[in-house]
């Protein structure tokens, strides 16, 4: 039913005038996807409150976008979204951000073998981020370069060159693959600072005539707003170039960056631009996650009681949430009359999936949803903003029957429904679960949002964003 309605809307391309009442009704049909009633009753589990045809037609907008907000749930496959929704909202519930975008598709995401150029069906975050930031497929571990190690201009670099404000927000270290792909070009994602770059990416090192480590390239890229973790690497000392002998933090300050380290100092910032770009460093490494709970274990769903996730005491009021960082980035970037490009990453869905920690993973998905809500609130008021929500790769968690005797690691959770949901991680040994290669959900709202519908590839996202902003 959904697919036929989308096809009808896209094929007809008849955008008819609608009244304010019709618009309100259309928005409700598309966005309110909660179950309509008692799920034990006939029709109670239905999510549709009416025909979608007019609502979808009204959502189509082929005008250029002034702004783009791209939100990435790292490792957020369909299973991760469903598990988080079941736990936090219930089986008949819905996310007011992730589930509220009207136009939805699926995209493929594979890397390439560096030697043969053939598909590597399971991508890492570096190759996947390079795909949507440059439009180029590459090998796992590469950032901003192709399989021949040639650099390619990123969407952030293009936006900045066109006079747009730019932002890069993540709950990970800012040197981690997803944020780093916007601002760096290195042969290995491990090259965070000068010392490791000299060892693992010698061709990228400043002393060899390269562009430097990821952190040095981040400073050179000079996005207007950069927020996340990774303060530890900024304590490293430059080993070559103009800033040799100074720490990367000292370099940032000398080059005019305003550095903040907690929620209060972030909230106090009122301006950020090329004269005084904002650099938020809120953790030595990755930022603390929202929820705690036991990691999955062998037969954990059978041998241990179901648990309820608890708040992480390390994420106190001094640590800005992803929604708060998104809000501040939008507030600052939207002051540029030419528009802006902003990428926001909920990084630890992936990291907690690797650790087989369902509470950590679910809490980070809820965090991302709150950030999506903030982006949509701005986009609806602004009218010229394209919001896109997707992931970089799929991951290992699966929802299984509570009494399953699974071969992998499992943990049972008490959901909002008062029911038990078991999560299983079974594609790797106990130390770290691995990515998976199934296609991913991509959803959008605003100008050019229709270009995510149907089956696309991760590289299509780069061209969709480039065209929407009219970048050359």
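Note that Cβ sites are derived from N, Cα and C of the backbone, with glycine treated the same way.
Look at Swiss-Prot and you will find 125 tagged as active site, phosphoserine intermediate, backed by sequence analysis. Counting only residues at least six positions away in the same chain, the Cβ atoms of 74, 176, 177, 178, 189, 350, 392, 393 sit under 8 Å from the Cβ of residue 125 (active site, phosphoserine intermediate).
Using a 10 Å radius centred on the Cβ of residue 74 (Mg(2+) binding site) and all shown protein chains, the other Cβ atoms total 28. Residues or ranges marked as Mg(2+) binding site by Swiss-Prot on the basis of similarity to another entry: 74, 176, 178, 345.
Sequence-distant neighbours of residue 354 (Zn(2+) 1 binding site): residues of the same chain at least 6 apart with a C-beta under 8 Å from its C-beta are 75, 395, 396, 432, 433, 434. When secondary structure is read from DSSP and collapsed to three states, residue 354 (Zn(2+) 1 binding site) falls in the helix class. Look at Swiss-Prot and you will find 350, 354, 435 tagged as Zn(2+) 1 binding site, backed by similarity to another entry.
According to Swiss-Prot, the signal peptide annotation covers 1-21.
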Taking the center of the Cβ atoms of 74, 176, 178, 345 at the recorded Mg(2+) site, which other residues in this chain have a Cβ no more than 8 Å from that point?
-> 72, 125, 129, 170, 171, 172, 177, 179, 346, 347, 350, 392
Among the binding-site residues 176, 345, 350, which residue has its Cβ surrounded by the fewest other Cβ atoms within 10 Å?
-> 176
The answer, for which of the binding-site residues 178, 435 has its Cβ ringed by the most other Cβ atoms inside 10 Å, is 178
Roughly how many Å separate the Cα of residue 435 (Zn(2+) 1 binding site) from that of residue 345 (Mg(2+) binding site), to the nearest whole number?
-> 17
Near Zn(2+) 1: residues not in 350, 354, 435 with Cβ within 8 Å of the site Cβ centroid are 74, 75, 125, 351, 353, 393, 395, 396, 433, 434
